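Features of the protein shown, as given by TrEMBL:
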- C:10-522: domain 'Cytochrome oxidase subunit I profile' (DOMAIN)
- C:30-51: transmembrane segment (TRANSMEM)
- C:106-128: transmembrane segment (TRANSMEM)
- C:154-180: transmembrane segment (TRANSMEM)
- C:192-220: transmembrane segment (TRANSMEM)
- C:243-263: transmembrane segment (TRANSMEM)
- C:275-296: transmembrane segment (TRANSMEM)
- C:308-333: transmembrane segment (TRANSMEM)
- C:345-370: transmembrane segment (TRANSMEM)
- C:417-439: transmembrane segment (TRANSMEM)
- C:459-484: transmembrane segment (TRANSMEM)
- C:554-572: transmembrane segment (TRANSMEM)
- C:578-596: transmembrane segment (TRANSMEM)
Amino acid sequence: MSHDDVLNPKQMPHDPEKATLEGKNKFLAFWFFLGGETVLFASLFGTYLALNRSTAGENTPENLFGLELVFIMTMLLLTSSLTSVYAMYHMKNHDFKKMQLWLGITVALGLAFLGFEIYEFVHYIHEYEFTFRSSAFGSAFYTLVGFHGGHVLFGLCWIVTLMIRNSKRGLNLYNAPKFYIASLYWHFIDVVWVFIFTVVYLMGKVG
Amino acid sequence: MRGWMGKLRAFFIFSALTLLLTGCGVDNLSALKPKGYGSDLLFDLMMISIAIMLFVFIIVMAIYTFVLIRYRQRKGQEDFIPKQTEGNKALEVIWTVIPIILLLVLAVPTVQATFDLADESTKGDEGVTTIEVTGNQYWWHFGYPDDEISTSQDLYIPTGERVYLDMKSSDVIHSFWVPSIAGKMDTNPGDNDNTMYLEAYEEGVYWGHCAELCGPSHSLMDFRVIAVSPEEYDQWKEDMQNVDPEATAEAQEGQDLYENNCMGCHAIGDGAAGQGPNMTNFANRTKIAGVIEPSKENLVDWIVNPEQFKPGNQMPANLVSEDEASQIADYLMELDHSDVGASASEAEVEEE
Amino acid sequence: MSTALAQNRGLGAMIWDYLTTVDHKKIAHLYLVAGGFFFLIGGLEAMLIRIQLMKPDNDFISAGLYNEMITMHGTTMIFLAAMPLIFALMNAVVPLQIGARDVAFPFLNSLGFWLFLFGGVILNVSWFTGGAPDAGWTNYAPLSTVSPGHGVDYYVMGLQISGAGTLIGGINFLVTIVNMRAPGMTYMRMPLFTWAVFVTSALILFAFPALTVGLFLMMFDRMFGSVFFDTAAGGNAIIWEHLFWIFGHPEVYILILPLFGAFSDIFSTFSKKRLFGYSAMVFATVLIGFLGFMVWAHHMFTVGMGPIANSIFAVATMAIAVPTGIKIFNWMFTMWGGNIRMTAAMLWSVAFIPSFTIGGMTGVMLAAAAADYQYHDTYFVVGHFHYVIVGGVVFGLFAALHYWWPKMFGKILNEKLGKLAFWPFFIGFHLTFFIQHFLGLMGMPRRYWVFLEGQGLEAGNLISTIGAFLMAIGTVIFLVNVVYTSVKAKKVSGDPWDGRTLEWSIPSPPPHYNFTQTPLVRGLDPLWVEKSEGKKGMTPAEPLGDIHMPNASILPFLISLGLFIAGFGFIYQVDNKAWLILVFLGMGLTLGSMLTRSLKDDLGHHIHKEELEKDLEKGAGE
């Protein structure tokens with residue numbers, strides 16, 4: 001396949017993300033990568049579960065967490081996962097503009113989520129004096145949730161970069177896999193959050 | 001000097017080789033000369049596993065030697081193309097099933113021994129001793145809470161009965177190991193307390209090591225387990241419960257110096273594990289600081305500059321002058337609270 | 001590596017070529033040189049350890065330095081010597097064995113190497129900046145969290161960076177093997193080495209993130225005041241042990257499996273027989289990889305997990321002996337009825353079987369949980385894992401290097417010198433480590449700076465030290481051989497061993513596009529299949545046409561350099577926040593380079609048919 005075929009395909013195939021060998025490789029590698037990420041988060045969850053009762057006489061999960069805020073955050077992130085599905089749906093139909101639009105909405109939702117998370121952390125630090133250093137529970141909480149937040153931030157930067165870079169030239173066989181794996185990454189972040197919501201917040205509140 | 005050292009070394013090598021050939025190592029240190037319940041049990045388990053493994057090894061080597069001799073390329077055979085065998089299902093089954101059976105044979109006593117050594121059924125019963133063991137950089141604290149006794153470095157236990165150890169650490173992870181009586185167990189900081197038990201068959205002084213890297217002087221964190229008869233053990237307890245820290249007239253100044261300089265870390269008599277080892281019955285310790293030959297000269301050197309003996313240890317150097325150290329040493333050598341087990345420790349020193 | 005090439009284009013051009021290369025064969029050279037260099041450093045550290053333990057109460061090196069020495073010896077040998085040397089083999093061989101022109105992600109391949117190298121350099125810089133890490137290669141908390149100075153910080157940063165490189169490499173080879181196989185190369189026709197690399201890569205993928213997390217927690221505790229391992233604030237030091245061994249146990253299979261694969265290829269080639277029980281061998285490899293994740297806690301029998309956990313992990317560990325036994329027997333029956341050529345590569349392989357069997361047997365002994373209360377953290381364990389790692393991995397590396405050297409460099413390592421290096425190494429190895437089992441049982445814990453007189457340990461330690469010197473002699477002879485071969489030896493054909501697999505169907509060293517035409521694979525041992533039908537080479541699966549190749553890039557080097565710089569910033573910001581400047585500079589370089597990679601299209605280039613035809617004519621003329 002010549003370079004021109006990749007950058008300006010005469011006819012877009014149905015699965016543009018997997019039309020080239022490079023695309024196929026990226027697709028598969030990213031699934032493997034997410035496997036590794038799963039182990040990473042599993043290790044963090046394990047650490048959290050080992051330490052979430054080690055509060056050293058300071059704040060406990062029960063007195064800290066407010067489920068209302070976390071519920072809103074969960075809704076934001078779940079919705080953003082859905083909007084990224086729409087974006088990929090339009091990619092498969094070769095509708096670049098609509099894809100960009102839905103990706104834009106995804107980014108906005110992600111930003112809102114991140115904003116709430118930062119608010120939550122600031123709230124804990126100022127209202128409760130609950131920090132990274134106050135107890136083993138504090139260290140484990142901020143590390144687990146913070147790692148997730150870092151992933152969200154990275155995902156946002158990634159999607160925005162892709163949107164800007166390709167805004168003028170539209171969809172082709174070179175950038176389709178890039179969009180696709182970015183959306184895979186976004187789903188993964190969403191799934192991890194569901195676990196954080198359950199394990200950290202719900203179980204923390206219920207005890 | 002050099003020649004003499006050489007001869008000595010040759011002698012050591014010779015004697016050690018002799019020991020090696022009998023396959024054992026030194027009495028009261030080697031896991032291959034079990035002197036207690038735990039090490040005895042583990043020795044048997046070791047022998048079972050070695051027997052099974054040797055059986056497998058001999059079979060493998062027999063086939064291997066045959067293959068290498070029989071099928072090595074001979075002159076003029078360079079172009080010979082052997083039959084390209086794919087494999088053999090029956091053989092595969094054989095060398096899958098037989099090892100599984102052999103491993104099951106080993107797994108059963110392994111699980112039994114593991115549960116046996118974790119047994120705590122008699123702990124806390126009337127008349128059963130439980131000792132608190134605390135690892136510290138680089139010394140061991142031994143507390144007998146039921147009897148209100150505290151000591152360090154030399155652990156006294158009665159022979160012929162099970163003694164439980166409650167184990168923890170005050171700083172980093174250490175591991176308590178007396179090869180000739182039992183296996184080892186880590187002492188962890190925080191809430192990860194461990195329990196094991198010792199049961200010595202014979203009276204004697206048994207060498208203990210720290211077996212988990214704990215800093216520069218990890219290799220110098222030795223201790224002794226002194227097993228005495230139950231009667232002597234009762235005597236020792238009584239002696240240790242009636243400790244008199246008062247010095248004689250000659251060592252009075254030493255006592256004053258001790259109280260001013262050392263007492264903050266080194267208690268005498270019962271008390272919680274302090275910053276430094278408890279000094280009760282110091283005069284009867286098998287070693288100074290676990291590794292140094294007990295003599296006044298060595299003790300003074302140790303007090304003045306412990307760093308040269310045990311790098312990285314917590315005791316400050318030059319806290320007192322050499323003269324003062326000498327007086328403190330006089331006092332410490334008087335802390336002769338119980339002579340139970342002392343004969344055994346002398347015997348060990350002579351043996352070396 | 002060719003000196004003629006360097007003279008033609010100048011040294012600068014050659015260095016630039018290696019800095020920017022994405023060619024898997026050149027990256028293999030880089031891994032080989034870097035790994036070899038660290039192997040020598042680790043070996044030097046080992047010699048100093050053995051000199052210190054030559055006699056009782058020795059004061060050749062101080063207690064603190066000794067702990068740094070053992071820590072760096074272990075860390076260097078595992079992460080900076082064995083791993084990259086294995087990656088050298090993977091890079092040199094796997095794409096050729098599956099009939100591919102490169103790996104799936106040549107750019108990431110280069111990134112993986114540079115991350116490893118800069119991580120390794122960070123770790124070793126610690127020697128010159130106030131002390132190396134000293135808490136053992138296992139780096140147990142809280143000894144590591146309270147370790148004074150910056151040694152452990154170097155450990156954390158060095159391993160974090162090089163670990164990221166390894167993880168990238170693992171994913172790369174997984175995708176390469178799944179997606180890049182030539183037509184007809186089904187999974188059950190892949191050479192055992194490729195299979196082993198496949199399983200190893202999966203192990204890397206699932207094991208390394210646990211280490212990543214452990215290192216992050218350690219970094220946060222030491223540099224940013226968190227309290228994961230600080231029991232005073234509710235932390236728990238045992239978490240580090242679990243995370244470390246969840247990584248650490250699969251790591252030993254990561255090390256040994258690729259060499260199991262190499263041995264399989266070597267036994268088969270030098271017995272002129274196909275591998276006995278191929279599918280059983282594949283099955284055993286996969287099973288070992290799988291079980292490798294179930295047994296990590298057998299390193300922690302004395303931690304106090306209780307008899308139930310100890311028993312479960314004991315039995316699971318014993319189970320690994322079964323697939324390993326299957327392998328040993330299948331290797332022996334591969335040789336059975338064969339036509340065994342005792343080349344240097346074969347000599348190392350033949351020596352491997354008894355050595356590794358002993359290591360496996362002591363492994364089963366160690367698996368007996370209760371008995372481990374005696375073995376644990378003694379020289380018995382030291383003896384055991386050196387039998388496995390030296391007797392398995394190092395013997396394997398020597399065997400594989402002898403075997404694939406002609407493919408990598410076009411010349412056969414001198415056979416006489418090869419055998420001359422083998423004997424002192426082999427004898428020295430057994431002298432050094434066999435006696436250590438007894439030292440452990442006689443009451444010598446591992447990591448002991450001194451042992452005392454009169455404990456019956458003198459003779460054993462002296463013998464062990466003598467053995468270590470013999471191993472050093474063997475290594476030096478091997479190095480001499482490398483130099484001698486590159487100066488004196490003649491070029492060989494593409495197939496000097498009468499090989500069976502695809503890599504021997506192309507010239508040595510291969511052209512940078514490997515296969516002029518992708519071959520058609522018609523069975524296990526594809527080249528052998530063609531040879532046995534009287535053909536000279538592979539049947540092509542495609543007509544001669546343009547070949548698409550990736551572009552070289554300096555970005556992987558820059559990304560890694562950025563992390564290297566940031567690493568120092570992280571380490572020293574504890575002392576003075578001004579050092580954070582380095583963090584920003586370094587991360588800026590890294591993220592900037594990544595952004596460049598993302599924004600700039602890189603579609604690679606094509607090698608045209610005419611050039612390929614020219615190359616073919618030249619090849620025929622030689």
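Just so you know, glycine gets a Cβ as well, placed from its N, Cα and C.
The stretches the transmembrane segment (C:459-484) and the transmembrane segment (C:417-439) meet in space: the count of Cβ pairs below 8 angstroms, excluding pairs fewer than 6 apart in sequence, reaches at least three. Sequence-distant contacts of the transmembrane segment (C:417-439) (same chain, six or more residues past either end, CB-CB distance under 8 Å): 50, 343-345, 347-348, 351, 355, 358, 362, 378-380, 382-384, 386-387, 390-391, 398, 402, 457, 460-461, 463-475, 477-478, 480-481, 484-485. For the transmembrane segment (C:578-596), the list of distant contacts is 555, 558-572: same-chain residues at least six beyond its ends, Cβ to Cβ under 8 Å. Here the transmembrane segment (C:154-180) has long-range neighbours at 71, 75, 79-80, 83, 87, 90, 94-95, 98, 100, 103-105, 108-109, 111-120, 122-126, 129, 132-133, 135, 139, 144, 190, 194, 197-198, 200-205, 208-209, 211-212, 215-216, 218-219, 222, 560, 563-564, 567-568, 570-571, meaning same-chain residues at least 6 beyond its ends whose C-beta is under 8 angstroms from one of its own.
Mean pLDDT for the domain 'Cytochrome oxidase subunit I profile' (C:10-522) in the predicted structure: 96.
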